[in-house]
């Protein structure tokens, strides 16, 4: 989980880096112009990173599915080699899904109108500046967005259906609450990311509204800003640190680690704790 979470955090940083520095510089300096090569570069990397993020969210939902539905087989199924392959697959999907629409936009002829009603170079609005017939490009762009967003959403939804089905079969309420807590952060992020992007991209370009920039602001600024809070505030140790300012003792740390870790790690934690207690007693005897 933390391997994929680290990569998701990196993607959020890269997406914000593609957009925010140029936007802030334009606001501070008053120069809102952007060169054509820079605009295309911003378009490519923003689209590439966005597609990568959606595929990675589907991969993370599969990771949660394996962790909850097959906890004893999780280390074998989600080994480091397979995790790296899934990560490389998400980056490959991002490249393949981005390169064709970008090439189509590059080949479009542009006329005198070069004003984009947005705070960054976004594909739908850049297509509208062309003086040629863009219906084919718009259709390809729409189908590409539909396949990526809804394809990853279907995989995520299927994983959560199996997860919910497994959680409801757990015998105790505490086990169910702990399992739901494990997935709540990722589920919250999924709702925030998919909700805004479906409104923004999976719709004909002619239906552009004044809310378009507000939704884009959520994708590029609000979501990267909120993701550290979404994924960290559900952590029991983080709650303890925020409440008390520090972890009071090693014993509390062991107890909190034992309560928050998966079941297949608990035996190791208990053995370490017992060895520590035996060592402490031997020191007292001597």
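Positions of Cβ are set from backbone N, Cα and C atoms, glycine also.
A TrEMBL annotation is a machine prediction, not a hand-curated record.
Here TrEMBL flags 1-231 as domain 'G-protein coupled receptors family 1 profile'. Per TrEMBL, transmembrane segment is recorded for 42-62, 82-104, 146-168, 180-202, 214-233.
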Long-range environment of the transmembrane segment (180-202) - Cβ separation under 8 angstroms, sequence gap at least 6: 50, 53-54, 57, 60-61, 64, 67-68, 124, 142, 145-146, 149-150, 153, 156, 160, 163, 167, 211-212, 215-216, 218-219, 223, 226-227, 230-231, 234
For the transmembrane segment (82-104), sequence-distant contacts whose Cβ falls under 8 Å of one of its Cβ atoms, 6 or more beyond its ends: 3-4, 7, 40, 43-44, 47-49, 51-52, 55-56, 59, 62, 123, 137, 140-141, 144, 147-148
Average pLDDT across the domain 'G-protein coupled receptors family 1 profile' (1-231), rounded to a whole number: 83
Close approaches to the transmembrane segment (214-233) from elsewhere in its chain (Cβ under 8 angstroms; 6 or more beyond its ends): 5, 8-9, 12-13, 15-16, 19-20, 50, 118-120, 122, 185-186, 188-189, 192-193, 196-197, 199-200, 239, 242
Same-chain residue ranges lying at least 6 outside the transmembrane segment (146-168) that approach it to Cβ under 8 Å: 51, 54-55, 57-58, 61-62, 64-65, 68-69, 93, 97, 176, 179-180, 183, 187, 190, 194, 197-198, 201-202
